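Everything below concerns the one structure shown next.
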Amino acid sequence: MAPPAAMEETAPTINLLSNINDGNNAASQISRVTVVGSGNWGSVAAKLIASNTLKLASFHDEVRMWVFEETLPTGQKLTEVINQTNENVKYLPGIKLGKNVVADPDLDNAVRDAKMLVFVTPHQFMDGICKRLVGKLKEDVVAISLIKGMEVKMEGPHMISTLISEQLRVNCCVLMGANIANEIAVEKFSEATVGYRENREVAEKWVRLFSTPYFVVTPVQDVEGVELCGTLKNVVALAAGFVDGLEMGNNTKAAIMRIGLREMRAFSKLLFSSVKDSTFFESCGVADLITTCLGGRNRRVAEAFAKNGGKRSFDELEAEMLQGQKLQGVSTAREVYEVLRHRGWLELFPLFATVHEISAGRLPPSAIVEYSEHKPNCSLV
Ligand SMILES: NC(=O)c1ccc[n+]([C@@H]2O[C@H](COP(=O)([O-])OP(=O)(O)OC[C@H]3O[C@@H](n4cnc5c(N)ncnc54)[C@H](O)[C@@H]3O)[C@@H](O)[C@H]2O)c1
Ligand SMILES: O=P(O)(O)OC[C@H](O)CO
C-alpha cells in the first residue's frame, strides 16, 4: 500500500509551484505507473521511479515494467530472472531495481491499470508498440517519452511524443538530459529536463515522479525543443566518435561539437518556430551533447567504425559491442538526411549530412572535417 500522505512532505522533490493534490490518499487518486521498455535506460528509469513511488502518497507503490521477452543463454526467460533477482541481468547487471518493480512480458497486461505511462524503448519500435496499444489504455492516462529519436513519414518528420499523443490520444511530455544510464544507476548526480506543451500541472507531476537528490529535473515549456535536443545530439555524437577514431584531438572534437550544436538549434527552429534558444542551455541541450560526445554508446561505436576505416558496418559493430543495446544515432542521421534532402536543406547542414554519408559508407570517416573545406560559406539561422 502507498504510505500515509504525511510522508509526502519528506520526499526528495525539488521546490515546485505545484498544487497537485498529493494529500488526497483516496484510491482513485493514486496513480499506477508503467514503464514501457526495459533496456539500459528503461531499467534505470524504473529504479528511479520505484524509489519515489514508495515515498510519495500520490503514486501506487508497484511499478510495472514491460519487458520485450527474450531467452537468456541459461535458457531462462529474462522476465523471470528480473522478478527472481530484482536485477535486469542483461541490460543493467549488478543493480537492484527495487522490490516494487515487477517485470511483465505482456504489454496489454502491463498497461491495463496504468494512469502514467513512461515510454523508453529504442525509437524504431515505437510505431509498432503504439499500434498495439490503441484502445488498450485507461481514460485520462498521461504519458512521457524518454526516447531519443524521431520518425520520418511521407508527410514529414514526426517526433516520438507526437506519435504517442496522436496514436494513443494522450498528453505526452518528454524527459531528456545528460543521462548516461549506468552513471545514474549508481546514483551519481545529474540533471534532466521535462518538456511539456501546455499543462504545467502534469509536467510537475512527472517532475515529482523522477526527482531525487541525485537526479534534479527541471520543467520547460518547449516539448519539441527538448525532444529535438535529445534526438539530434546522437548524430553529433557519431561525428565526435569519428574524430576520436581518427585521433584528431580535443580541439577538433570541440569544433565538431560547436558546429553540431549550431546545426541542432537551426534544424529544430526550422522545423518548429516555437523552439526556444534557452532550451539549448538546459540539461537536454548542451549538457547532453557534452556527455554523449564524451561517454555515450554512439560515440564509442562510431570511434570503432572510424578505426576500422568504415570497413565494418555499424550493424555488425553494434551487435558485437553493445550485446543487444541499440544505437539511435545511425538511424536518426538517416532520418534527418531524408528531411534535409526532401526540403532542399542539405547545403545548410553539412555536418548532419556528412555524418549520414559516412555511416552509410558513401564517404570515408575523414570526411567529417573535410566538408568544411568544400562548403565554407554555409550559414545557419
Ligand atoms: N542508455 C542510456 O544511457 C540512455 C540514456 C538516455 C536516453 N536513452 C534513450 O532511451 C531509449 C531506450 O534506450 P535503452 O538504453 O533503455 O535501451 P537499450 O539500447 O539498452 O536496449 C534495447 C532494448 O530494446 C528492446 N528490444 C529489442 N527488440 C525489440 C522489439 N522488437 N520491440 C521492442 N523492444 C525491443 C530490448 O529488449 C532492450 O530492452 C533510446 O531512445 C535511448 O536513446 C538511453
Ligand atoms: O549512449 P548513448 O550514445 O545512447 O547516449 C546516452 C544518453 O542519451 C546520454 O544522455
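Along the chain as shown, the residues are counted starting at 1.
Keep in mind that glycine also has a Cβ here, set from the backbone N, Cα and C atoms.
Of the residues LYS138, LYS148, LYS153, TrEMBL puts just one in the substrate site with ARG297, ASN298: LYS148. Under the DSSP three-state reduction, PHE68 (NAD(+) binding site) is assigned to coil, being neither helix nor strand.
Under 6 Å, Cβ to nearest atom of ligand 2: this is the test, and of the binding-site residues TRP41, PHE68, ALA181, ARG297, ASN298 it is passed by ARG297, ASN298. Cβ neighbour count for LYS326 (NAD(+) binding site) (all protein chains, 10 Å cutoff from its Cβ): 17. Candidate binding-site residues: LYS148, ALA181, ARG297, LYS326. Nearest to LYS233 (active site, proton acceptor) by Cα distance: LYS148.
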